[in-house]
Amino acid sequence: MPCCSHRSCREDPGTSESREMDPVAFEDVAVNFTQEEWTLLDISQKNLFREVMLETFRNLTSIGKKWSDQNIEYEYQNPRRSFRSLIEEKVNEIKEDSHCGETFTQVPDDRLNFQEKKASPEVKSCDSFVCAEVGIGNSSFNMSIRGDTGHKAYEYQEYGPKPYKCQQPKNKKAFRYRPSIRTQERDHTGEKPYACKVCGKTFIFHSSIRRHMVMHSGDGTYKCKFCGKAFHSFSLYLIHERTHTGEKPYECKQCGKSFTYSATLQIHERTHTGEKPYECSKCDKAFHSSSSYHRHERSHMGEKPYQCKECGKAFAYTSSLRRHERTHSGKKPYECKQYGEGLSYLISFQTHIRMNSGERPYKCKICGKGFYSAKSFQTHEKTHTGEKRYKCKQCGKAFNLSSSFRYHERIHTGEKPYECKQCGKAFRSASQLRVHGGTHTGEKPYECKECGKAFRSTSHLRVHGRTHTGEKPYECKECGKAFRYVKHLQIHERTEKHIRMPSGERPYKCSICEKGFYSAKSFQTHEKTHTGEKPYECNQCGKAFRCCNSLRYHERTHTGEKPYECKQCGKAFRSASHLRMHERTHTGEKPYECKQCGKAFSCASNLRKHGRTHTGEKPYECKQCGKAFRSASNLQMHERTHTGEKPYECKECEKAFCKFSSFQIHERKHRGEKPYECKHCGNGFTSAKILQIHARTHIGEKHYECKECGKAFNYFSSLHIHARTHMGEKPYECKDCGKAFS
């Protein structure tokens, strides 16, 4: 064999020239495909391959002469050009540029067939990298040249019968060999018989799993400096590196969104054009990408080949199994630097970041509402269309989302697959388990900026925020009542009251006072006013209540908690209803009007109480003295005259009161506060009632008349004293002389 005279063979490895020309074999930097694999690639995948190979050619410096970009583009744009002449031309270029002295014979026609995988025996080997690079029969070299712009790989071969046809109705491809048709059919069935033992990923081709295993073994020539993964080809290494650098060189011209791969961009562009080339033969549903189509096919087959070793749950995809396994391992690879919170899924992490920044990139065209994630936006869109695809077979209830439907089904089955490792308590959803976990750790990482209250989850913090903003985004279409939580709206819509309100029907009648009610629940609560049943007891003072809401409200009198604050004057209240009523003092709104006298009220309860002044109804009767009252609150205050209970104590003078209103008036005396001023004389008073009584002295009005003599008085107390003169009653006696006075 003649001595190789190429300069890279002759020069000393230590010279500067040899250091500059660091040899790289083309088979190391090219992606290797078999013919069967190539025929299964779609146009976008072939174009991606073409771009990668172009980049590889441009960067390749192992051959003494650079390959012209212009020529490369020309080869790709002319796929029908003679493959034989193309190979011979490249061989001649290399021969002319090198001086290795090797001879090359003409390559026979059958050696230029794509199925050939070994170099032609007529091509003599050479120890120099230039000769090794020729590799005419090598599939890596062949494939590097035959990238196309949309033409099928087999268009390069114009000869030979193709007896094997694909049986799929929408695929008319034909093949020369039976293995090729079997491989093609896997693309339709989704069959991937080759599974990786390390990560579980599956492949259609045996060659694909061999390439994939290089990443795990670390035997690849090109190792990633970020994660240590190894690759057998330089092009795959470059593409992988983008996952770390975040480089997205392919940008959508319509919306500006960027992508790591050109194939992904092409799939994305279909969302703008509406093109869905992959159609399901069973339900006619169409998809943008082949991967989405294959995933959908499994929904018809019911196939779930990937099973969790911990709980036995099965999944249709390996990615779903991997995500599920994190619920058992507790692994949270995505960490928020701002709050230090770990998240199991990338999509959850991205949504979490947007929630903290306030970014809502998904806008509803109908109502303008913004959303943090595409999934939330898609769910919201269904509220406008009314679409509910998932229907429960047991109760007929329908849902927008499959996840909501699955969660609902567990109510019927009683299934609670998420179990707390500390206390054994089980839950229907992973999110419920995560929130519950905070009860053991005591961790509440989400703090309200308004009041400092902390919560276990961001959703709880968001919902709490509405108590400060007063936001009630969920409104009943029937009665207009608004709610802070969608759950409360759903409960409201299911109530009998809501159903019967339009007709005015009140089928539940009290046998004692004959009052009517829309719902059984309201009726049962009312019955307790007659029976005196109070099952909810305060742990601090022992006071009992008819319903748990009343107990919760009462407990705030002990804690002093007033979470509902007026934005106009800063006054705080124990309940949202009290805040709403108070806000009407600023707006002057009085929506509840008496039909008999036209008097208006700021709250419904005051209208109801007022209505009894017309009817004379007093349904609340004292069991000790038989005295009756128009409202339950008046009865409760009266009962304290029998029990002697005075729960409201002044901290200044320790005087106690049975009524909260009396306690408030008393406190004003200590502060010197007199907010009610007389328009006639300018005098100030501690309460509105005292002002009303005083006003009578100016207008001469005397409401209280003696039935015995007809004398009239401004005040009830004056009439009461006067009445004693008729009865001869003198309750006040002097201790010194014994004289009595009325």
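Using the three backbone atoms N, Cα and C, a Cβ is placed for every residue, glycine included.
Taken verbatim from Swiss-Prot:
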{"type": "REGION", "residues": "1-20", "note": "region 'Disordered'"}
{"type": "COMPBIAS", "residues": "8-20", "note": "compositional bias 'Basic and acidic residues'"}
{"type": "DOMAIN", "residues": "24-104", "note": "domain 'KRAB'"}
{"type": "ZN_FING", "residues": "194-216", "note": "zinc finger"}
{"type": "ZN_FING", "residues": "222-244", "note": "zinc finger"}
{"type": "ZN_FING", "residues": "250-272", "note": "zinc finger"}
{"type": "ZN_FING", "residues": "278-300", "note": "zinc finger"}
{"type": "ZN_FING", "residues": "446-468", "note": "zinc finger"}
{"type": "ZN_FING", "residues": "508-530", "note": "zinc finger"}
{"type": "ZN_FING", "residues": "564-586", "note": "zinc finger"}
{"type": "ZN_FING", "residues": "592-614", "note": "zinc finger"}
{"type": "ZN_FING", "residues": "620-642", "note": "zinc finger"}
{"type": "ZN_FING", "residues": "648-670", "note": "zinc finger"}
{"type": "ZN_FING", "residues": "676-698", "note": "zinc finger"}
{"type": "ZN_FING", "residues": "704-726", "note": "zinc finger"}
DSSP tally for the zinc finger (278-300), helix/strand/coil in that order, comes to 11 helix, 4 strand, 8 coil
The DSSP breakdown of the zinc finger (620-642) into helix, strand and coil residues is 11 helix, 4 strand, 8 coil
Other same-chain positions with a Cβ less than 8 Å from the zinc finger (620-642) and lying at least 6 residues past its termini are 529, 532, 605, 609, 612-613, 658-659
Contact count check, CB pairs under 8 angstroms to the zinc finger (222-244), set 194-216, 278-300, 676-698; argmax is 194-216
Averaged over the zinc finger (592-614), the pLDDT of the predicted model comes to 84
